[in-house]
Amino acid sequence: MTRRALSLRVYSFHEHPNTERLMTTLHHSLWRALGLSLLALTPFVMPGAQAQPAAPALEAPAGRAAKQAGTAARDMVAAANPLAAQAGREILAAGGSAIDAAVAVQLVLNLVEPQNSGIGGGAFIVHWDGSDVVTLDGREVAPAAAKPERFLGRDGKPMPFYDAVVGGRSVGVPGTLRLLEVAHRRWGKLSWPQVIAPAMRLAEEGFAISPYLNGIVTQDKYLQNDPIARTYFYGEDGKPKPVGTILKNPAFARTLREIADKGADAFYTGEIAADIVATVTRHTTNPGDMTLRDLEGYKVEERAPVCGSYRTYRVCGMGPPSSGGVAVLQMLSTLEPQDMASIRPGPDAAHWISEAGRLAFADRALYLADPGFVSVPVRGLIDPGYLKTRAGLVSPDKSMGRAKAGDPPFQKTEFRFAPSDGVEFGTSHISVVDRDGKAVAMTTTIEDGLGARIMTRSGFLLNNELTDFNFAPEEEGKPVANRVDTNKRPRSSMAPTLVFDADNKLYAVVGSPGGSQIITYVTKTLVGILDWKLDPQVAVDLPNFGSRNGPTEIEAGTEAEAWKSALEAKGHQVRAISMNSGIQAIVIGPNGLTGGADSRREGVAIGN
Ligand code: GLU
């Protein structure tokens, strides 16, 4: 059995408020145990896993498989599925830009990893064109009819999570396709039909169902209730189509052809739009209220990038409505006074990173939401003076337990603290660097694995992103920042990130799925690359650990479990849980590109 399989044993039910989510988590561990066991048995080889010349890589932990790692001279793509990464690589080889590759990768992911992202969902792009960082927000939007009480039951209390998720109620107006189009118009080199072609070909000719997709469908109990999804994902015997089955999606091929001919308008108006609205509003048990006007009115927003320094580096990420960029910068800033390079991976590192997480998550819960509805004090939250005071709250010897939100300068809030965080799986991250040194970090989601469990006739699943809003609109009689509202975007944790060196040269492209854990995963990886000088594959595969201002979480089945007693001695309440990241990282060194794709999922980093 692999080390990952151990997480099956260390779980206990009361660790999870929601048993169904636990089952999802368990399933992921199982999938990993089965799907990756061969990899784990092979001796540790890292094709091209090279040390940065100035910074020797640490020894790779024993037994760690790294088939995912890659090196390249000119360009690279790291994505969560080999077919998707290959599509991106072909586009790059044909002279395409980073964004051309990202479009191809996303559309192929929609087919081969449909549980995690697609044109039925939303995404953020952080783009580097060689001189500027631009961040684009393609987050889903609540329909005009959405009200703050959307996720309250008849008793006025927040609904059970899956009562809200499954069906039309949780579906936000999808943003991913408009985002791809806007980005492609701005930075694309190849034609729009050219970047769509790889996905269209695969949709027509079919692709083999992967262990990950099969595993997710097998464990899910809602998807089979959707008639279109049932025909697509299940055999005539009612069982999920097995691993290796060649799956064709002619409906999606037609959709892509329309989109190739008419652009994203083909999706946001006309027949496909009508199909989306019908799928959402005609759901038999939990209909939603999305309209054609909602779809037609969807807009991608360009947001100010959130940038800050970490040691000699500059780190840039996604601002609100994502909490990702702010929280990652806050965590790094809390770590900066420590000599993380000599602390090394271990219980002390877990202590500092957990405490940094507590502080960041306390602020996140109070302040972060859609900036169109709430005045988010971004400037104050990443103000160096403020962060220095916050970092001063961390003791080297004792955990602070639960952190309180701070009082950042420049702005006051009228909102109430409202924690609500699950661990979701319906997300994917794409990192690309092209031959001109342009880069894309794109994190893309349909929220929970398999989203709202409803599939359109046009061949794609719809998101359940609206459950990223807080269900309870008020706490202690005051509104919570991330409550549902008309045309509002739910708060995200997605943290597509770019790192620049002291000469403002692009150094790294990083991101991950994992719900609110994303913030921890990305921070860990950045510390691994920037402080511990690890090869990106090794940094990605380090055990996950951190805190979201609750218990200190360590990844079950990894060597981090051995850190438990040292952490407890500092007063941490430690929980070993599955921490199923899907980090994709590319580092640009003087001799080319080195990439890593999370061995917890199916990704690869490949290039030319
Ligand atoms: N919907 C989540 C977010 O935007 C991400 C879920 C996931 O990572 O699976 O923060």
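Note that Cβ sites are derived from N, Cα and C of the backbone, with glycine treated the same way.
Quick look at what TrEMBL lists:
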type     : residues                               : note
BINDING  : Arg139, Asp468, Ser492, Ser493, Gly515 : L-glutamate binding site
ACT_SITE : Thr427                                 : active site, nucleophile
Cβ within 8 Å of the mean position of the Cβ atoms of Arg139, Asp468, Ser492, Ser493, Gly515: remaining residues of the chain near L-glutamate: Pro321, Ser322, Ser323, Gly324, Thr445, Glu447, Glu465, Pro490, Arg491, Met494, Ser516, Ile518
Contacting recorded positions, sequence order - Arg139, Thr427, Asp468, Ser493 vs ligand 1, Cβ under 6 Å: Thr427, Asp468, Ser493
L-glutamate site span - longest C-alpha distance across Arg139, Asp468, Ser492, Ser493, Gly515, in Å: 14
The residue listed as 'active site, nucleophile' versus Asp468 (L-glutamate binding site) - Cα distance in angstrom: 13
Pairwise CA distance, Ser493 (L-glutamate binding site) versus Thr427 (active site, nucleophile), rounded so that it is a whole Å: 11
Alpha-carbon distance [the residue listed as 'active site, nucleophile'; Ser492 (L-glutamate binding site)] in Å: 11
Cβ neighbours of Ser493 (L-glutamate binding site) where a neighbour is any other Cβ within 10 Å: 31
